[in-house]
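Heads up: the structure comes next, in structure tokens.
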Amino acid sequence: MTSAGGFPAGAGGYQTPGGHSASPAHEAPPGGAEGLAAEVHTLERAIFEVKRIIVGQDQLVERMLVGLLSKGHVLLEGVPGVAKTLAVETFARVVGGTFSRIQFTPDLVPTDIIGTRIYRQGREEFDTELGPVVANFLLADEINRAPAKVQSALLEVMQERHVSIGGRTFPMPSPFLVMATQNPIEHEGVYPLPEAQRDRFLFKINVGYPSPEEEREIIYRMGVTPPQAKQILSTGDLLRLQEIAANNFVHHALVDYVVRVVFATRKPEQLGMNDVKSWVAFGASPRASLGIIAAARSLALVRGRDYVIPQDVIEVIPDVLRHRLVLTYDALADEISPEIVINRVLQTVALPQVNAVPQQGHSVPPVMQAAAAASGR
């Protein structure tokens with residue numbers, strides 16, 4: 001017996017990676033098919049506006065939006081000069097809200113990012129001055145250059161979504177999203193994120209080089225007067241879209257598939273993957289399962305659906321698991337990457353063939369319904 005949302009009966013709600021409760025029940029967006037089509041059109045406008053500035057990197061732009069809709073944080077890794085920082089700044093400008101940037105350096109201390117109490121001699125009292133972490137969108141540039149105590153302070157804010165200064169608690173504004181960047185090729189003067197802290201990020205996205213055609217377009221587009229991004233969304237729009245994404249339908253068979261994939265990273269020998277057992281020291285936590293479901297729901301909304309299909313789950317699994325797997329020294333010596341492990345698991349765990357559409361929902365994607373209705377007028 002399953003619930004209306006395709007989850008096993010009695011499963012109840014769960015918490016998204018952002019720590020907010022979400023119900024598994026499926027609720028259609030206000031306005032039905034036309035309402036969903038309008039929301040998807042708004043998301044498409046936002047993506048188009050970002051792509052006016054960022055040439056190529058289509059998956060990066062889409063995953064950043066999915067992370068925002070999922071209330072999860074994003075870790076970007078790539079060599080210098082591939083538009084990691086520009087992508088985050090442009091994205092924050094397009095989706096609205098307050099934006100703050102912290103350039104991490106070895107001499108930072110936690111109060112530099114969180115804030116502190118300042119004594120006002122004229123009034124003979126203390127004032128609380130909040131740090132740059134209090135913003136809707138925070139860019140943590142080169143997060144692996146800051147010492148561990150600064151990283152821990154930031155990642156605690158990411159998880160708890162509030163800061164405590166002088167015995168007072170200050171909540172983070174909503175929505176709250178941290179996008180951190182790091183450079184994988186520098187090993188001197190850096191402080192790699194520990195496994196427990198990497199687990200706080202919903203996605204880890206590897207940002208690669210552009211193609212020759214894309215690089216040529218970058219030169220033409222940025223050569224004279226670089227284009228300026230315009231705001232498309234507001235914070236109210238974001239909160240509404242997050243709620244819509246959280247209510248997207250997920251078939252119980254897909255939930256079971258996600259659980260089996262994540263479990264296979266912990267006990268691969270039970271599925272006959274003895275090679276994976278020698279590669280992985282520690283598998284993914286239940287937070288990864290929650291992240292995959294939340295991200296698949298958001299990706300479905302970006303793609304114009306109010307239900308999740310197997311392809312949505314397959315696409316987000318590598319980005320959710322990539323930074324959560326702890327490989328053995330033997331695997332690192334043999335140049336076994338997390339991608340190799342993830343592909344091996346996906347090839348072994350059978351993907352269910354299910355009817356992903358809710359029985360009491362739409363039989364075809366709502367955007368298609370709206371388009372058909374418009375053409376029939």
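Indices start at 1 and increase along the chain as displayed.
Here the Cβ of each residue, glycine as well, is placed from N, Cα and C on the backbone.
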Tell me which range among 1-33, 100-132 Swiss-Prot lists as region 'Disordered'.
1-33
Counting Cβ atoms within 10 Å across all protein chains shown, which of the binding-site residues Gly78, Pro80 comes out on top?
Gly78
Return the residue, from the listed binding-site residues Val79, Val82, Ala83, with the maximum count of other C-beta atoms within 10 angstroms of its C-beta.
Ala83
List the residues of the same chain that sit at least 6 positions away from Lys84 (ATP binding site) in sequence and have their Cβ under 8 Å from its Cβ, in sequence order, or write 'none'.
Leu76, Gly78, Thr181, Val207
Please compare the binding-site residues Gly81, Thr85 by how many other CB atoms fall within 10 Å of each one's CB, and tell me which has the fewest.
Gly81
Env. residues of ATP site, Cβ within 8 Å of mean position of Gly78, Val79, Pro80, Gly81, Val82, Ala83, Lys84, Thr85 Cβ:
Thr181, Val207
